Amino acid sequence: MTQLAIGEATPHGATYDGHGVNFTLFSAHAERVELCVFDSRGNERRYDLPGRRGDVWHGYLAGARPGLRYGYRVHGPWQPVQGHRFNPAKLLLDPYARRVEGELKDHPLLHGGHDEPDYRDNAAVAPKSVVISDHYDWEDDAAPRTPWGKTVIYEAHVKGLTYLHPELPQEIRGTYKALGHPVMVAYFKQLGITALELLPVAQFASEPRLQRMGLTNYWGYNPMAMFALHPAWASSPEMALDEFRDAVKALHRAGIEVILDIVLNHSAELDLDGPTFSLRGIDNRSYYWIRDDGDYHNWTGCGNTLNLSHPGVVEYACECLRYWVETCHVDGFRFDLASVMGRTPTFRQDAPLFAAIKACPVLSTVKLIAEPWDIGEGGYQVGNFPPPFAEWNDHFRDAARRFWLPRNLTTGEFACRFAASSDVFKRNGRAPGASVNLLTAHDGFTLRDCVCFNQKHNEANGEENRDGTNSNYSDNNGKEGLGGPLDLMERRRDSIHALLATLLLSQGTPMLLAGDEHGHSQHGNNNAYCQDNALTWLDWQQANRGLTTFTAALIRLRQQIPALTGNSWWEEGDGNVRWLNKNAQPLSADEWQNGPKLMQILLSDRFLIAINATLEVTDIVLPEGEWRAVPPFAGEDNPVITAVWQGPAHGLCVFQRG
C-alpha cells in the first residue's frame, strides 16, 4: 500500500473499484481527518485524507481490497457548549460502513469525555468498519409493487419469527436465510400477507444499562451502523448481505414485498454519558440537534436526536434509504419516531428530508410508512405527513379495542375508524391506504394478551414495571392471566375473532403482528424490547392452528371485496358502503352517538358485516335478500338466511348476498 491519492468526493463511504478503495467522510467542522487501517494483528497505520470538497474529506488507497478494516480519527475543536466534541484519541466508525467488525461493548475507553475530553485511546476495543464488495447476481428479480389497496402487512422480528420453527433446518432458524426458506414462503402465501415488515435489520447495539443488567436490546431500535446488516442473524458476518438478499429474492418470487423498519431519529451514542464511536466524534454539531448549553435535544427518549434538517444529514439519510432499495431491493420503509424527520425544529410538511424524498425517483416510488410521533413538544403528528407517506393509525388501534373489549366508544367513532379515518387522512390528495390500521405491534400487548391481561407485567425488564404504556384498552374477561374456565376462554376467543375481523375487513392498510394469528402471548409484558428469549420467540408447536386458519380466511375474504381493495374514499351513494342498524335501516343520528353497539356494514352491496358488540345475544334483521355466511364464519351446515341472524354477545358475522 502507498500513501493516499486525493481520490474523489463521491460516492460516499468506502468504495472498492478493483484496484483500490476510495474513502470519503462528511464533516463540516473538522480541521483534519485521519484514515486508520488495521492489519490482521491489529496493527494500525494512519493516513491523512488529502482531499476536501465542500464538507467532504476524501482520499484513495491504492491496493486496498475488500476485507480491509478501517476507522477514522477526526481532529477539531473541543468546545462542548458550541456542540463540538472532536477527540482524535477515539477511533470512529464510518457512518456509511457496509460491514462492522466487533460489538459496542460497555467499556470506559469508548467514552469520549463529558466536560473534558477523554484522551485514552480506544482502538483496541472500538468496533471497526470493513470494506466490502457488494456485487450480487439478482437474476430476474422484480419488485412485486403490490397496490396499497391490496396490501396486507405482517410485522415480524427476524430472529423471533423462525427461531423455534421445527420444520426449518436447525442451523438457519432465527436467521435471514430462514425468511426465504420454502417453509416460510409457503406459510406467508397460505396466510395471505403481501408484505413482510421486519423490525430493524441495520446493525444495532445493546445500551450499556442493559449490558450491565445482563440483558440485550432485542428489537434493534438502537442503531450503530445504518448501512450494515446486523451480523448475528447470518451464518457468518461476511455472509449477512448476500443471505439477506437471497431472502428478498425468494420473497419477491412469491410476490411478497419486504419493508424495513428503520431508525433515522437517533443513534446508539445516546446522551453525553454514552459511547463516542461515530457521529459525535465526526461532527457532533451537524449530526445532532444541540441545545444552547451544548447538550442534546432528546425528542426520542434515547438521549439524542438526529438533525434531519441539516443538508449533510439529509444526504446521509437519503443515501442510506437508497442503499437499501438499490443494493438490497427492499420495497419500502417504516420509520421509527418519524416526526423527527419533519423537525426544523418544529414539524413541517415541507421539511428538507420530506422534500428530498419526494424529489428522489427511487425513494418516492417505494412504500413509506411513518410512526407519526416523537416525544418532543409538537411531536404527535398523526395525519399530518405529506404524500407519499402512509402512517400508523393509533386512532384505529384504540377505537377497535375500546369498541370490543368493552369500553365506552360510540358507533360513529367506530365507523369513522373503520372507514380509514377519513377525518384524519382525507387531505393533501391522500388515499385510504395512507391509514395503516393495526390492533397490535411489537410495542405493546400481543392480541392474546389484550384479552387476558388488564395490567402490564414488565418486571422481567428490570425497571420495576415502570416501563411500557398504561393505556392498553384491554380486558382480561374477569381473570388476570392466560388460563381460566371454558366460558371465559370462549369469550376471549370471540373477542379475538371480532378484533381480527375488524382489522382485516376495514378500509385502509391492515398490519398484522406476527404471532397474533397463533395466539402468541408475552405473558402481559407490553414492552419486551430486551427479552431475547421464549417470551418473544414464536412457539410454532403451540400455535393455535384454528386461529391461523381463521386469519387466513379473513385475508382471502378481504381481497374479494372491491370496497376494500379499490383504495378510494367511500362517498355516500357510491355503492361502496351502507351503515345500517339492527333492523337493517339507516343509522339515525341518535344511534350514531348514543345507540347500542349493534350495527351492520354493507360493503360493495353484497358483503354484509353484522356486529353485536353488546354483552347480550341479540337478533339482527338482515337486509332484504338471501344471505349466506362466508368463511371463516360459515360452518359445515351453512343455510341461507333471509330474515334474522341471532347475534351472540361479542359476535360478528360476514354474509354474502346470494
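Glycine is treated like the rest: Cβ placed from N, Cα and C.
Positions annotated as active site, nucleophile by Swiss-Prot: Asp336. If you look up Swiss-Prot, you'll see Glu371 marked as active site, proton donor. Taken from Swiss-Prot, the feature site 'Transition state stabilizer' applies to Asp443, supported by sequence analysis. The annotation region 'Disordered' is assigned in Swiss-Prot to 459-486.
It is Asp443, among the recorded positions Asp336, Glu371, Asp443, whose Cβ has the fewest other Cβ atoms within 10 Å in the structure shown. Broken down with DSSP, the region 'Disordered' (459-486) shows 4 helix, 0 strand, 24 coil. A separation of roughly 5 Å, to the nearest angstrom, links the Cα atoms of the residue listed as 'active site, proton donor' and the residue listed as 'active site, nucleophile'. A straight line from the CA of Asp443 (site 'Transition state stabilizer') to the CA of Asp336 (active site, nucleophile) spans 11 Å.
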